[in-house]
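Visitor: This structure is in structure tokens; I'll ask about it shortly.
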Amino acid sequence: MTTEKRQILVTAALPYANGPIHLGHMVEHIQADIWVRFQRLKGNDCLFICGEDAHGTAIMITAQKQGLPPEALVAKMHKEHARDLGGFLIEYDNFYTTHSPENRELAELIYTRLKDKGDIFAKTISQAYDPVKEIFLPDRFIRGTCPRCGAKDQYGDVCEVCGATYSPTELIDPVSALSGAKPIEKNSEHFFFSLNRYTQLLKKWIDAGHLQPQVANKLKEWFSEDLKPWDISRDAPYFGFEIPHAANKYFYVWLDAPIGYMASLKNLSKQRPSVNFDAYWKEGSQTELYHFVGKDIVYFHALFWPAMLSSAGFRLPTAIYVHGYLTVNGQKMSKSRGTFITAHHYLDHLSPEYLRYYYAAKLSAQVEDIDLNLDDFIQRVNADLIGKYVNLASRCAGFITKNFGGKLANELPEPDLYESFLQTEQTITDYYESLNYSKAVRVIMSLADRANQYIDAKKPWALAKEINQEAQVQAVCTQGLNLFKILTTYLKPILPVTAKKVEQFLNCDELNFANLKTPLLDHSVNPFEPLMQRLLPETAAQLTHE
């Protein structure tokens, strides 16, 4: 029986183009990449797209500080982000940018459809304005004293000390973060999207299982009051796309950012004629669409985005997978403590597969924060990857190469043991499918323990010294390497580079779930090369020291 290939489109949230990618960002990109690689290993068609989130006041200001045009800053960050994501073996079909002709075209199309439907209205609002820099100030560019707890130097919308949220007008002694001037209130006409028109659609969509239960329950709290209209415009000066037929008005970055997913696929379809844009985005599409996002941007992805798509006549996501934050050694990442670790800094010192494995060993389908504890990281890599997984191959390979010219035996001495490893396939694939990577890793490592126990019990090193036991040594090591082959297939979504090295060593076809069941018998393998190095504490310690 053959099952039909699934047609899947996966996105990860777009990294913002005003700073480097850090290990917190990598949680999401690694989580999504593992899932994509798993789907491909199962034989499904899975496209994986992302891109640079390139618009907004913050990018305009950062570019000014660096003496660059915003376009140059975006191009520079795009190159750096693509380098770092590639360094962590994140394999996007397209890593594009929201500052693109495709995104402009789609943003204008969606806005026009929203407007034609009567979902856009204009309203005059009062905003904080910097009289020196002559710019309207986003909340994050206003600093002052918290009106609740009195903490100084807090943002215009939230206090990082007590957690209170408020409007910039409530802030005590507010100043512009750009000039130090006291902001004034200034009126401006803005455009709003009537989100409340989509209340029933959103309730129904949220109840239909497209979100993790924790996320769905949290979102339902927003419906205790009427959904407020969403301000989708910003005033010049601003870096973004101008709103058609509205002088000096720009689309708010959060309007065109998720449209960037569509633009990235549209751009890919120009590179690859086999990719059909409409097949993935048209209303009623039978393909699957998954967004991987952090818990801080759920509101945009699970309320605004589905409502916009519905209004504009596009399909809605199959699911939105939400993850928590990363802490380092139990605390929020901090530059002063040396725990703000950029992706590039990590890659200067350690293998990306160590972190891919560690994150996988911690990730679940829950919206939980995960902690990168550096002592635990060292212990987990050395105990699991080196001590259990790689050790199994190194214990068997030498005997096969030296004593038997690289030739495996023509049958397995313990076919039942091999079969028992195969019987865990469904459990492991279910865990991968449901994002319960930590449970998958636990099962895989318990199999690695069993495989090593088998080698411990059979003692090929002792058998090799006995007379007339050559065939038994070959058989035991053939069994061990075939168990190692199964483990490698199970770990391949997490450890793609190591899996490729193993395929070269085993001299076999690319490992996947279709050829999982077939053992390598009467087959020649290549000389074994070390697959991974033990992680030294002093090497890991370099992560927290620039």
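Just so it is clear, glycine is given a Cβ too, placed from its N, Cα and C backbone atoms.
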Visitor: Given 15-25, 114-124, 279-289, 411-421, which one carries Swiss-Prot's motif ''HIGH' region' label?
Guide: 15-25
Visitor: For the annotation motif ''KMSKS' region' in Swiss-Prot, which listed range does it cover: 152-156, 332-336, 522-526, 542-546?
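Guide: In Swiss-Prot, residues 332-336 carry the label motif ''KMSKS' region'.
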Visitor: Looking only at the motif ''KMSKS' region' (332-336), how are its residues distributed among DSSP helix, strand and coil?
Guide: 0 helix, 1 strand, 4 coil
Visitor: Could you please provide the mean pLDDT value for the motif ''HIGH' region' (15-25)?
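Guide: Average per-residue pLDDT within the motif ''HIGH' region' (15-25): 96.
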Visitor: Could you tell me the C-alpha distance between Cys162 (Zn(2+) binding site) and Lys335 (ATP binding site) in angstrom, no decimals?
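Guide: Approximately 21 Å lies between the Cα of Cys162 (Zn(2+) binding site) and that of Lys335 (ATP binding site).
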Visitor: Using the Cβ centroid of Cys146, Cys149, Cys159, Cys162 as the reference point for the Zn(2+) site, which residues of the same chain not in that list have Cβ within 8 Å?
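Guide: Here the nearby residues are Pro147, Arg148, Gly150, Ala151, Gln154, Glu160, Val161, Gly163, Ala164.
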Visitor: I'm trying to understand the geometry here, so how far is the Cα atom of Cys159 (Zn(2+) binding site) from the Cα atom of Lys335 (ATP binding site), in Å to the nearest whole number?
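Guide: Between the Cα atoms of Cys159 (Zn(2+) binding site) and Lys335 (ATP binding site), the distance comes to 20 Å.
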Visitor: Using the alpha carbons only, what distance in Å do you get between Cys146 (Zn(2+) binding site) and Lys335 (ATP binding site) once rounded?
Guide: 24
